Amino acid sequence: MKRIAILTGGGDAPGLNAVIRAVVKTACQEYACEVLGVKDGFDGFITPGGVFPLTLQDVRGILPRGGTILGAANRGNPFARKVLRDGQEVVEDTSVQVIANLRALELDALIVVGGDGTLHIAQELAELNVPVVGVPKTIDNDIGGTEVTFGFDTAVNTATEAIDKLHTTAESHHRVMVLELMGRDAGFITLHAGLAGGADIILIPEIPFRYETLYQKVEDRKQRGSPFSIVAVAEGAHPAGESVVVARAGDSVYVPRLGGIGQAVAEHIAAACRVETRVTVLGHLQRGGSPTPFDRVLATRLGAAAVRLADAGGFGRMVAINGGRITDLPLSEALAVPRRVDPHGDTVRTARGLGICLGD
Ligand code: F6P
């Protein structure tokens with residue numbers, strides 16, 4: 001193995017720089033292999049100066065840094081790249097150009113670090129014989145084939161800290177504080193932060209809720225001398241019978257996202273329970289900041305494993321962690337079934353046992 005490249009795509013997650021560092025260090029030191037960095041996801045293959053050497057010097061000091069030194073473009077799907085033309089968002093297929101430029105670099109492997117969307121692109125490229133190795137990344141923890149993704153632990157920490165802070169002000173003012181959290185169609189961040197922060201109500205997409213159940217919980221707490229409540233609601237949570245369309249990274253790259261389910265929950269509770277409610281949308285704070293030690297270690301192990309997998313010719317595959325051990329599996333298998341919270345699993349059962357309202 002003489003030359004590999006690495007890119008990061010889709011929404012960023014704390015730990016991306018730890019992966020980049022591990023790839024460069026392992027490739028340079030263990031395999032004497034040159035590493036190229038690709039800027040802004042797949043866009044780097046079609047923009048001038050988008051591919052450049054990545055040296056040991058370049059990755060010095062980046063381990064604790066959030067974000068990605070390589071950048072990550074939301075519109076950069078080479079098969080359907082979104083661009084503005086005459087003020088209109090149009091989609092163009094740049095895959096032929098991307099693949100031609102990629103082949104000209106004579107790479108032994110391309111390491112693609114990404115979530116669901118980026119890894120699907122990686123799989124398409126692998127089917128076109130591009131030597132791709134995938135590394136799963138997302139704060140949402142929603143990728144199949146791996147028991148956890150890096151970025152998730154940091155996001156849960158940030159969300160838990162927010163719940164802790166909301167608790168004190170909720171109690172002082174006898175209010176119901178609603179915290180809307182990310183996760184797209186998965187409720188992992190909300191469930192874990194809700195448990196860690198001692199939320200009274202946890203609403204996740206995997207368990208559709210009924211407003212009456214929420215009112216009942218708020219009233220019960222009032223009766224028992226706690227005239228305040230904390231509601232952790234996932235952005236993809238929805239009342240039974242209704243669905244919520246959650247914006248996906250790259251869906252509408254030129255349009256800002258506006259208020260969501262947190263606002264609706266707060267308005268309903270205020271009207272039905274005659275209590276003051278306030279909403280906090282934690283948003284992209286969950287994607288920023290320094291990765292936790294857990295995420296740093298996981299990202300480092302996955303980055304190093306990706307280099308080893310590339311050297312072994314494991315193309316079209318994704319590194320993963322299962323039972324605490326590093327494994328790998330075909331990208332197609334990992335992407336076939338997204339990970340979701342098991343509504344009958346131990347974590348949900350534990351929450352119910354503690355008296356937390358899941359809204360159903
Ligand atoms: O997939 C990560 C994530 O942060 C989701 O939790 C969220 O729905 C989405 O990305 C937000 O995307 P964007 O950065 O495009 O606003």
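Cβ coordinates come from backbone N, Cα and C, glycine included.
Residues or ranges marked as domain 'Phosphofructokinase' in TrEMBL: 3-309.
A 10 Å cutoff on Cβ-Cβ distances gives Gly117 (ATP binding site) a total of 19 other Cβ atoms nearby, all chains included. The feature ATP binding site is assigned by TrEMBL to Gly11, Arg75, Gly76, Gly115, Asp116, Gly117, Thr118.
Look at Asp116 (ATP binding site): DSSP puts it in a helix. Around Asp116 (ATP binding site), the same-chain residues six or more apart in sequence whose CB sits under 8 Å from its CB are Gly10, Thr138, Asp142, Ile143, Leu335, Pro338, listed in sequence order. TrEMBL lists Asp116 with the feature Mg(2+) binding site.
What TrEMBL records for Gly117 is site 'Important for substrate specificity'.
The substrate binding site annotation in TrEMBL covers Thr138, Ile139, Asp140, Arg175, Met182, Gly183, Arg184, Glu235, Arg278, His284, Leu285, Gln286, Arg287. Here Arg287 (substrate binding site) comes close to Gly11, Asp12, Ala13, Pro14, Gly66, Ile139, Gly151, Ala155, Met182: these same-chain residues lie at least six apart in sequence, with C-beta atoms under 8 angstroms from its C-beta.
Residue environment of Asp140 (substrate binding site) contains 29 other Cβ atoms, counted within 10 Å of its Cβ in all protein chains. Sequence annotations record features per position, and here TrEMBL assigns active site, proton acceptor to Asp140.
Under 6 Å, Cβ to nearest atom of ligand 1: this is the test, and of the binding-site residues Gly11, Gly117, Leu285 it is passed by Gly11.
Here the binding-site residues are Gly11, Gly76, Gly115; the one with the fewest Cβ atoms within 10 Å of its Cβ is Gly11. DSSP assigns Asp140 (substrate binding site) to coil, not to a helix or a strand.
Per-site Cβ counts within 10 Å over the binding-site residues Arg184, Arg278 peak at Arg184. Straight-line distance linking the Cα atoms of Arg278 (substrate binding site) and Gly115 (ATP binding site), rounded to a whole number, equals 32 Å.
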